[in-house]
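As structure tokens, the structure follows; a few thoughts come after it.
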Amino acid sequence: MNEDLLSAGSSPRPGAASSARVPHEAGEDAEEEEYMDREAEERPAGTAHAMEGPWAPGELSRHSDREGAGDAEGQVNGADGRGKGAPWTWLRNQEQEENNNCDGRCHSRQDDAQRACTCRGDEHAKEENEEDLAEEERMDQGSDDFEHSEESGREEEDEQEEEEEEEEEEAGAHIHSSSLRNNVVDPNENTDLSSAQPLRPAFSLKSKMKRKLDHGPEVRSFPSGKKPCKGSEYPSPAGIYPATPTTFKDLRAANGQGQQRRRITSIPPPSGLQDWLRTFQSWSGTEKLLALDELIDSCEPTQVKHMMQVIEPQFQRDFISLLPKELALYVLSFLEPKDLLQAAQTCRYWRILAEDNLLWREKCREEGIDKPLHVKGRKTVKPGFTHSPWKSAYIRQHRVDTNWRRGDLKPPKVLKGHDDHVITCLQFCGNRVVSGSDDNTLKVWSAITGKCLRTLVGHTGGVWSSQMRDNIIISGSTDRTLKVWNAETGECIHTLYGHTSTVRCMHLHDKRVVSGSRDATLRVWDIDTGQCLHVLMGHVAAVRCVQYDGRRVVSGAYDFMVKVWDPETETCLHTLQGHTNRVYSLQFDGVHVVSGSLDTSIRVWDVETGNCIHTLTGHQSLTSGMELRDNILVSGNADSTVKIWDIKTGQCLQTLQGPHKHQSAVTCLQFNKNFVVTSSDDGTVKLWDLRTGDFIRNLVTLESGGSGGVVWRIRASNTKLVCAVGSRNGTEETKLLVLDFDVDMKL
């Protein structure tokens, strides 16, 4: 098998004569050599050139056809091939016989074979070299003309695609394909395609796969611009490509792109080349392999690279276009979205596959994108081609993420309205922002225009907690009441009486809200009717934080305890003991309870058993805020650091610190699958990379930061960030800042 691969792979070598055309193994008997010499003497010069000249790239398929015909004729005229069959066919049959037999006679007959090969005169070699050079120049010129005519015929369609592909080029600096955008490769240029960045699917795919050779009357390669893939119209490459491309050491190790052979015509062949080739051909298969290994080891890197450029194209094929569409889409499903965008630029057929809407729907779901994006007024490449709305949604989200990471920070919208009072709570839903203040009011703002839509007046004490869903706003105050508001009209729908002290915390789930108060009790309310459904008593100090998932209520209090409740029966299922100071923050995902305390520790509990699973240590002060999603916990602390934890293992994955860390207590935080946003008493809002913990940039920097300016609260959506800022000493005016990271999808 290796010998066959060598024979196929070495055929297009520069200056190769009959050694590349007619395999001639040592070990033939004297009668066979006499016949070969007699045939060489009787052949006219043109026939000798056709048999012994190097193969041009366009002769490969014709040689295969003649070879098949010669085999058939040899069988008709006798096994020895001495009838009307072509002599080279007979020699090929003899080679196969020699491969099946042992090599015992090879060394004894080597001298005879060399004497038979050297009997050709120097005149023949000179004429062959001159004719070879002329033939090669004609073939290269013909290839140039053919490629340029093909490219000019496709210019109009390429221009139509150019505008559509711009959107994919803009989908991030790393999603860029410079070598596959309407560039025609001159056959005489030594263009290096081996440095093309590979894709990263489960299989070893190439992002810019070379076009499959069309084995027609003229074997040629497409230029590296846009080309149509023929899919099932491709002829079967059986008999042309070796079955297993594993012969050459450097080919096995290579992972780059090859290119069509570039013949070296600038210098004449070195003297003794033909003798050298005949000597090589006289060796056995094992000896050839040994010689090739030694030859490769003695070559310089540029020479090995040249061999790769000659050999690799013979083993490359566009298997995606050869597969049924369903299988091709299954293969592409293993690619990352950014690699799919790059693969779409390979050729027209790949572009059609890479536009599959179901394929992009799955990719969007993996990225957390739950809605397609229908772009109006978008041009189509040609009739029947439809753009994937899910692909448009992914591209938009990618651009939004890029804006968060490195987009220009536009001047934020400034929302003023609470005078010099403290903004105590902040909610952001849709395009509405709701701020609560110790001035006894709540204000509803438009996140788009920055205007105050309405002011909710009714509380007689400061507003210290709030929740929002759709058009419903719920607020808790130091006046010991909760109020339910209509955000659209500003109307107070219900006032909920029952607590005997400040309503300090609450959590809304569907149509029920659970409130915690400094009176050490929790109450469950129906927001439609305004009725108090349940009262949960058991804490002996102020309730500071509460979580509710519709089934269980979890509360943390200043009595150092965390309690798990069944609200329907008003019973305490578990009292989670372990903290040695006040509990200030809670997170609950239905399975795990995470509590943060003034004792500097964070504890992870099992909600069903009440057992403490992990104690997370590392902070040095009060854990003031936490957020939990998919077993990833992000905690902000008064020690000015932020930590990222895996609550399944209890391991601290990252600590957000370093030269760009906050200089004062962390006041609020929020994170998604890519970023962590944190605010601090130092007057800054910082953006961090969730996976690496690296600092990305400051999103907000108050001029009064460090001298009293504070960012109290932050709330973020996919495209906007709302910050509540002010100061404790009058150095910063109380206001809301709205930053917009959205993109315009006019395509």
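Every residue, even glycine, has its Cβ placed from backbone N, Cα and C.
Residues or ranges marked as compositional bias 'Low complexity' by TrEMBL: 7-21.
Residues or ranges marked as compositional bias 'Basic and acidic residues' in TrEMBL: 60-69 (among others).
Look at TrEMBL and you will find 104-127 (among others) tagged as compositional bias 'Basic and acidic residues'.
Annotation source TrEMBL lists compositional bias 'Acidic residues' at 128-138 (among others).
The compositional bias 'Basic and acidic residues' annotation in TrEMBL covers 139-152 (among others).
The feature compositional bias 'Acidic residues' is assigned by TrEMBL to 153-170 (among others).
Look at TrEMBL and you will find 188-197 tagged as compositional bias 'Polar residues'.
Regional average pLDDT for the domain 'F-box' (317-363) in the model is 90. The annotation domain 'F-box' is assigned in TrEMBL to 317-363.
Look at TrEMBL and you will find 1-234 tagged as region 'Disordered'.
Annotation comment: TrEMBL describes 430-455 (among others) as repeat 'WD'. Residues in the repeat 'WD' (430-455) partition by DSSP class (helix H, G, I; strand E, B; coil) as 0 helix, 16 strand, 10 coil.
If you look up TrEMBL, you'll see 456-495 (among others) marked as repeat 'WD'. Beyond the repeat 'WD' (456-495), the same-chain residues lying 6 or more positions past its ends with a Cβ under 8 Å from any Cβ of the stretch are 424-427, 429-430, 432, 434, 436-444, 501-508, 513, 515, 517, 525, 527, 529-530.
Look at the repeat 'WD' (496-535): DSSP puts its residues at 0 helix, 24 strand, 16 coil. Taken from TrEMBL, the feature repeat 'WD' applies to 496-535 (among others).
Residues or ranges marked as repeat 'WD' in TrEMBL: 536-575 (among others).
As annotated by TrEMBL, repeat 'WD' applies to 576-615 (among others). Long-range neighbours of the repeat 'WD' (576-615) within the same chain, counting only residues 6 or more positions beyond its ends whose Cβ lies under 8 Å from a Cβ of the stretch, are 544-547, 549, 551-552, 554-558, 560-564, 621-628, 631, 633, 635, 637, 645, 647, 649-650.
The feature repeat 'WD' is assigned by TrEMBL to 616-655 (among others). DSSP labels the residues of the repeat 'WD' (616-655) in these numbers: 0 helix, 24 strand, 16 coil.
Within its own chain, the repeat 'WD' (659-698) has Cβ neighbours under 8 Å at 367-368, 401, 404-406, 621, 624-627, 629, 632, 634, 636-642, 644, 653, 704-706, 709-716, 718, 721, 723, 725, 732, counting only residues six or more beyond its boundaries. Feature annotation from TrEMBL assigns repeat 'WD' to 659-698 (among others).
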Kindly report the helix/strand/coil residue split of the repeat 'WD' (536-575) according to DSSP, in that order.
0 helix, 23 strand, 17 coil
Across the repeat 'WD' (576-615), what are the DSSP residue counts per state (helix, strand, coil)?
0 helix, 22 strand, 18 coil
